[in-house]
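Visitor: Quick one: the structure is below, and I'll ask about it shortly.
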Amino acid sequence: MNQFVYDIAIWLDDTAWSTLLHESYYMYNWVESTHVLTLILCLGMLFLIDLRMLGYALPNVPASNIANRLNIPMLVGFGIMIITGALLFYAVPVRSTQSVWFRVKMLLLVGCAINAYLFHKRMNESVSSWDNDARAPSRIRLGAILSLVFWSLVVICGRFIAYDWFDCEYTSVGSLSQVLSGCIDGQARF
Amino acid sequence: MSTSSTSILGTYTKTITVVALVLFLLVFSFSGLRRDIWLELYEFFLWLETTPFGLIGKTWGAVFAVVEAFHLLSMALLGGAVIVSDARLLGWVFTDIPVQEIQDKAHRVFVMGLIVVLATGVFMACGVAGKLYWLPVFWYKMLALATGIFFVFFIRKPMLKGDIDKINPTVVKLVAISSMLVWMTVAATGRWIGFAGS
Amino acid sequence: MTDKNTNSEKMDDVQMAAVAISATIIIFFVIYWSIQIQSVRDLLEMAYG
């Protein structure tokens, strides 16, 4: 499995565009900045929806109203983050696939997706009965809390990818971090 | 004579304050004053690195990174509140809900975000104070941040407190646009600090 | 009458201040970012010709 992921990463890394993007100071920074600043759009809206369900933000506005309106800018932001995130991965594929933080982040994103699906489903089933309540029912609140926690962890992991504490080249062979990062023996390619 | 001068200041306090501040900033920026004060501040920035915040930030990279992540998260919260309340002023969202309602509630979220952003920001600044001092982009960010805070609490909030129907709609839109621009600049210059250092 | 008058004057004050600071912000924004973009373009020109 690690070998397979590694081979794909090497193949991506060898493409000309990957090198161009990685070596280009301004383009890489530009993509990176867009990725980070779109947080405001994507997570800003998401947090407002979650905090509305918990009763902390805009409690007088109907819950479905908040969720439906803010969904659109949130998804636009999410789309931009996916595209810029994919580009960032494409610029540095080998190091990313062998980063424990990147791996945890991807798992957390799957968690976010499942949680979002369940949240949406539960909300659509029952929203008419509690739309005007300041606080949503406990099942919805749990979803909101999970969403806040998952996304916070995603941001923390994302931030950690930039640090090299557990990079394959700095950890000893056979150590736990090497196993989790899926370091291929002797590989220290950036 | 004296009554007329106080009444002018009394009636147009905010306008006079804004114009005076802008003039002061212009004089400050284009005279030797800026450089003099900047030179004076070096000691202070070096001292920041020796504070507990500075020491923690410099010693434990992991703590610094976690604080950075929370800085980003609270920035998302602050930015979300700014976008929602300004988009309402521009008539993009929640047009069926009174402006006042959105402004009041969004402002609370904004203040929560601002407090965390400032706290985590001060912590981070202490850790890398010696580097920040030399970065023009850092000072632009501080200028934009100060402008943003002043703008929100001195102009935007008091203006929207009153009857919104009585305010010129163009002024409302102008305020919404500049509010978005100023906070966008704060966020973007902040991101640029990271690149400028490397 | 006078009360109403002071109220509207107060509104004028806030609005005038709002216009002044908004204009400052927008002008500053345009100048700052165009200088930034220009300097990046200059640098790229120097690097790649």
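Along the chain as shown, the residues are counted starting at 1.
Every residue, even glycine, has its Cβ placed from backbone N, Cα and C.
Heads up, here are the entries from TrEMBL:
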TRANSMEM  B:12-33  transmembrane segment
DOMAIN    B:44-196  domain 'DUF6644'
TRANSMEM  B:45-67  transmembrane segment
TRANSMEM  B:73-97  transmembrane segment
TRANSMEM  B:109-132  transmembrane segment
TRANSMEM  B:138-155  transmembrane segment
TRANSMEM  B:175-194  transmembrane segment
Visitor: Between B:12-33, B:45-67, B:73-97, B:109-132, B:175-194, who has the most Cβ pairs under 8 Å to the transmembrane segment (B:138-155)?
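Guide: Between the candidates B:12-33, B:45-67, B:73-97, B:109-132, B:175-194, the best contact partner of the transmembrane segment (B:138-155) is B:175-194.
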Visitor: Quick one: find which recorded stretch in B:73-97, B:109-132, B:175-194 has the most Cβ pairs under 8 Å with the transmembrane segment (B:45-67).
Guide: B:109-132
Visitor: Report, as numbers and ranges, which residues of the same chain sit near the transmembrane segment (B:73-97): CB under 8 Å and 6 or more residues beyond its ends.
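Guide: Apart from its flanks, the transmembrane segment (B:73-97) reaches 103, 106-107, 109-110, 112-114, 116-117, 120, 160, 172-173, 175-177, 179-180, 183, 187, 190.
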Visitor: Using Cβ atoms and a strict cutoff of less than 8 Å, what residues sit near the transmembrane segment (B:175-194) while being 6 or more residues removed from its termini?
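Guide: For the transmembrane segment (B:175-194), the far contacts come to 75, 78-79, 82-83, 86-87, 89-90, 132, 135, 137-138, 140-141, 144-145, 147-148, 151-152, 155-156, 159.
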Visitor: Can you work out which residues elsewhere in the same chain, 6+ from the ends of the transmembrane segment (B:109-132), have a Cβ less than 8 Å from its Cβ atoms?
Guide: 45-46, 48-49, 51, 53-54, 56-58, 64, 67-68, 70-71, 73-82, 85, 138, 149, 152, 193, 197
